[in-house]
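Noted in TrEMBL for the protein shown:
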| type | residues | note |
| --- | --- | --- |
| COMPBIAS | 522-539 | compositional bias 'Basic and acidic residues' |
| COMPBIAS | 540-550 | compositional bias 'Polar residues' |
| REGION | 521-550 | region 'Disordered' |
| TRANSMEM | 39-65 | transmembrane segment |
| TRANSMEM | 71-92 | transmembrane segment |
| TRANSMEM | 167-183 | transmembrane segment |
| TRANSMEM | 190-212 | transmembrane segment |
| TRANSMEM | 279-303 | transmembrane segment |
| TRANSMEM | 330-359 | transmembrane segment |
| TRANSMEM | 371-388 | transmembrane segment |
| TRANSMEM | 394-418 | transmembrane segment |
| TRANSMEM | 439-460 | transmembrane segment |
| TRANSMEM | 480-500 | transmembrane segment |
Amino acid sequence: MMTTKNTMPFLEVPGHATPYINGDIIPLPPSRRTWSKKVFVFFWFATAINIAEWSGASASLALGLTVPQAIIVNLTSTIIITAALVISGYGGGQWHVPFAVINRAPWGLRGSWFPLLNRVLLSCCWYGVQGWFGGQMTKVMIGAIWPSFYDMPNTFGPHAAMETNDFVAFIIFWLACLPLLLLKPESYRIPAIISAVLVLIAALAVFTWAFVKQGNGGPLFSNPETVYGIGNLQGSQLAWVMVRCINSGIGGWAGGILYQSDFSRYAVHPGDQVYGQIFSIPLCLLGSNILGIVTTSCARGFYPNEPLLWKLYDLLQAIQRNEAPVARAAVFFAAFAFFLSQLSVTVVACGVVGGMDLAALCPRYIDIRRGSLIIAVIGIAINPWKIMNTANSFISAISGYAVFLGPLTGIMFADYHLLRHRRIKLSHLFLPQTGSDYWFWHGLNWRAPIAWVLGVWASLPGFCASVTPASVMVSNAWVHVYYLSWPLSVCISALVWMILNTISPAPGIGEVDDNDVFGTFEEFRNPKDGEEKKEDRLSKSPTYITSFNP
């Protein structure tokens, strides 16, 4: 984004970075593609079983759904999420570039900054939210060792939405994340495997204990209205609540759907990422949803005097309060397992992803490490503790931004799979001049903003009413459209995109490079031969590419 040369040379990223390219966003060479099928399976185990999935699914009970209805809702959203993840990850697995670079094809080299800014904003928000969850698990761990930590004098006011011990635990978790942000993404393989095993054991242990203690599915299994006093949902009212929860489930993954290429680019072979997506995501996502829903219902049965324990950290604290002192050890180890899971989610799925986006926005001065640290700092400023107050605000928060991300997804899917048939000219994605197929008009493809706006507008009235219900009133029809925001906006933007490109075709559709400019698709056994072939490739490459020596 910055074009002034040598203004701050001491801040520049090493390696001859330019305003459009650095070593973190170029197509990965074979030596850096180290994620096998097994690594992807364990990676999704480590990140899909987390507090947000456990708590988010359980929050649907607070809207009046029964346990079977909530399970149906989460099964539906899981199927849609899995399909979208597979579709989204193909580009990174095939061309070994991140989301930030793939989106230069539909948006243009400069126009792609817009979806990146959307993603950066979301990464900051989710870093704060996931960090808050991690802080709560830190609080449980400390409280299990020193119960007096729960009684720490509170120095915050009544409207702070947190107490002093909450903030102390949050800062401890935030500091624990910082060293991990300095690692390269390909280095997360072993930690992901360890975290996956421990969090799976902990989740099953908490669920099994709760189910055995209660002896059945709990009072929310068939009669949630006796707990909430909101009446039995029936007919269209029930249907729209279920649709809302399905969209909310997808909305929580709307950012994850977009960034699949950020991780699939590390696949040893194209398609390796699909195994983790198809096997781990449905199993872990639906599994953690069901475990959270049923455990919340059971806890309501054996702890009737406690508030509804749909947040896992609240449940663990209730166990320590109500069970024998020996339970403190079990509470600590369960909290520790989810603490590790939150480290994986916060660092990799929020910090590193946001760092990649910032590296693409300003590659001369920001690499993944610097970008991740910036995301971490901003993550505190969003006040995540405010978002976590109630079930309704939680659902609104995670689903609301899908209004803006759905159209981005529709454009990306339609452009890569339907329009270009998964063929892109890789070198032109880094070529900021009129000779690039993706330069369009001064770096912006005018078709993309039109498709995005038309995808967003239908959901805006309902979105505004959801965010500010006291000041914005709309009819139920607009609210119902908002409950369909993600799938509806994906379809509208994709359709508009194909129509615009049929009326006015973009240049270079279906074309690829004549030679392997970056050495991405071949592995040399003889290093000397590799250097000779690399020089041969670069001699045939655009001047702008040869100025960067990866």
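Any Cβ shown, glycine's included, is placed from N, Cα and C.
The transmembrane segment (330-359) makes no contact with the transmembrane segment (71-92): fewer than 3 of their CB pairs lie within 8 A, with pairs spaced 6 or more apart in sequence. Ranked by the number of CB pairs under 8 Å to the transmembrane segment (167-183), the listed stretches 39-65, 190-212, 279-303, 371-388, 439-460 are led by 371-388.
Within its own chain, the transmembrane segment (39-65) is flanked in space by residues 73-74, 129-130, 133, 136-137, 188-189, 191-193, 195-197, 199-200, 203, 220, 224-225, 228, 230-233, 238, 241-242, 244-245, 248-249, 252, 263, 267, 272-273, 275-277, 279-281, 284-285, 287-293, 295-297, 308, 310-313, 338, 340-342, 344-345, 348-349, 390-392, 394-395, 398, which lie at least six positions past its ends and keep a Cβ under 8 Å from the stretch. Residues 120, 123-125, 127-129, 131-132, 160-162, 166, 170, 174, 177-178, 181, 311, 347, 350-352, 354-359, 394, 397 of the same chain lie 6 or more positions beyond the ends of the transmembrane segment (371-388) yet place their CB under 8 Å from a CB of it.
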